Amino acid sequence: MQAPMELEKLRTGGDESTRASSHTSSGSTLSYQHLSFSVSTKKGSKVLLDDVSVDIKAGELLAIMGPSGAGKSTLLDLMAFRKQPAEGGRASLNGKQLDRSSMHKISCFVEQEDALLGVLTVRESIQYALRLHLPLLPRRQVNDRVERVITALGLQSCANQRIGTPIQRGISGGQKRRVTAACAMVTFPRILFLDEVTSGLDSTSAREVMSSIRSLAIAEGIIVIASIHQPSLETLTQFTKVMFLAEGKMCFHGEVGELDGFFERWGRPVGRFTNPADHAMNFLNTDFSQEKAGHNDVAIAEFREQYLAQSKGRANGADFPPPPGSKGASTTSLVHESETIKAGKAGVLGTLFWNTMVLAERSVKNYMRNLLAYGVRAGMYGGMGFMLATIWIRLGLSDSTINDRLSVHFYSVAFLAFMSVAGIPEFLEERSVYYRETKNGLYTTLPFVLANTLITIPFLFLCTVLFTVICYWAIGLHPGAPAFFRFLGFLFLALFAAESQVVVVASLIPIFVAALAITAFLNGFWMSVGGYFIKARSLPRFWFYSFHYMDFQKYAFELLTNSDLRGLTFTCDTLVNGTCACAYPTSAPPEACTVSGEDVLRYLEIGHISYSKWAGIIISIIAIFRIALYISLKIRSK
């Protein structure tokens, strides 16, 4: 237990040299007026937030507290314009009214979950956040600002350490929280929103996180608004102001150091060894109260009335004594950062180009380091190629091997497409980072989709090359370089289409098991209507005229089969009564006892295809999937 003098120092805000006051002499003032929010229910309208007004100045840190269901998250969402307040609610900065667009330009929102790429180091994570925000900022200035934030948030010891993945241990939970905050604060927003920033952390880690954020916020004049759950006394005193909510109503708003005086004047003094926040929650949290519901409502109403009465007295001149060590938040850094931001910004097309390039660079680094991205898949494709090479080895040119060749082509397309599900975990990680960064205005959906598309191509192509080199010549498919490269190119298009399908599903269903199940179903569905298990003309009319022609596996299978069989002649082995009988109808004279690849294709009703046309159709399907990915991400991000 801490000594009484130490507790008293914490309860009054700490040493004068480390305190920050809301009585700032300069800087910005953020004002919210009459914020209300309600939802419709079966029983009518339910008010979640009722007429909350508050002013916060540059360099101040406001803690929003209250029991579960009090309206903390709703208020934070309204303040950040993630939800639209009821009519009459407004926000302004230095008297200038704000809307959703302007708020997003000057603020950052730190989510409760840490959405970070595990293979990047702490320094790299922060650097990429800044480069995406200011793509034209010189690299020297990028490094200077990143080091400044790393130092301010106490991340020097782990700056070159990776965040961590399921198979590689990384930094601690408290350090991750600080990295997430650093990715937001490195852009030096004028307003920083924190949603349960200390959730899941021990008291020491929570205090260190808030202490680091506080230091940088005061130094740079950043307005910090945070919802927080059950802070320790040390964590609470990192804030300059605190607000208590209950049943959607504001029950207290003032200096953290005023809490003791507030309860003293109310006649409900805080115990000597009691956290003032815990003392307040004893009156506001009625979930476990043994009293009747009506009495609980009275307790909350009394708390609010006492606050309003004391606030009225303060407005009439009986102000609470300001804490010692009051000082203004300097605007010098804000002016300097404003000039830097203008210099680092690019035009619309320039921003699109540079954001795409930065995201592509980050993705390359992610895929190169992350074994779960393409490392596992490369091993799977290589193993599958080895399996095909040793099972269908040296098929030869007997007509008895024709069906074996067809099986090779079907298996190559269908089962390698199935393996695309291995990319779901990595995309889900990127997706969570995408939502965090786009909500904070670092970039838009288009550069993310473009970067994902561009970087997928070389990695997937290398996997296709690995598979093809291992099995193509060992199986004995159509000889010659042109046929080899056609096989490689057509198979790559099929796998790219499968990959595009996977990311669409994962963008719509961000749960690994569910996305895996849906993708497996779709791949099985395309296998069924592709025309291999049952001839296309034998399919029911509905399936034939609809999904059969949408099936990328159908086009890829027909391309591989045509590329292999065209120009080959197969010897018929079976002789009946001295007559040559081939496995497929042949146009060759009886004495030749052969069947051409063209005869087989004609029998399968796929000999009429055009390489360029069929490849173009697969490319069109890929484009449709990519457009669907863009639309899905865009809609869900809203």
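Don't overthink the numbers, they just go from 1 along the chain as shown.
Cβ coordinates come from backbone N, Cα and C, glycine included.
In TrEMBL this protein carries:
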type	residues	note
COMPBIAS	1-18	compositional bias 'Basic and acidic residues'
REGION	1-29	region 'Disordered'
COMPBIAS	19-29	compositional bias 'Low complexity'
DOMAIN	30-272	domain 'ABC transporter'
TRANSMEM	371-393	transmembrane segment
TRANSMEM	408-428	transmembrane segment
TRANSMEM	449-475	transmembrane segment
TRANSMEM	481-498	transmembrane segment
TRANSMEM	505-534	transmembrane segment
TRANSMEM	614-633	transmembrane segment
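Counting same-chain residues at least six beyond the ends of the transmembrane segment (371-393), those with a Cβ under 8 angstroms from any Cβ of the stretch are 165-167, 404, 407-408, 411-412, 415-416, 419, 422-423, 425-426, 459-460, 462-464, 466-471, 474-476. Listed stretches 449-475, 481-498, 505-534 were compared with the transmembrane segment (408-428); the greatest number of C-beta pairs under 8 angstroms is found for 505-534. Beyond the ends of the transmembrane segment (481-498), by six or more residues, the same chain brings 412-413, 416-418, 420, 456-457, 460-461, 463-465, 467-468, 472-473, 523, 552-553, 555-556, 559-560, 563-564, 611, 615, 618-619, 621-622, 625 to within a C-beta distance below 8 angstroms of the stretch. Confidence for the domain 'ABC transporter' (30-272), expressed as mean pLDDT, is 88.
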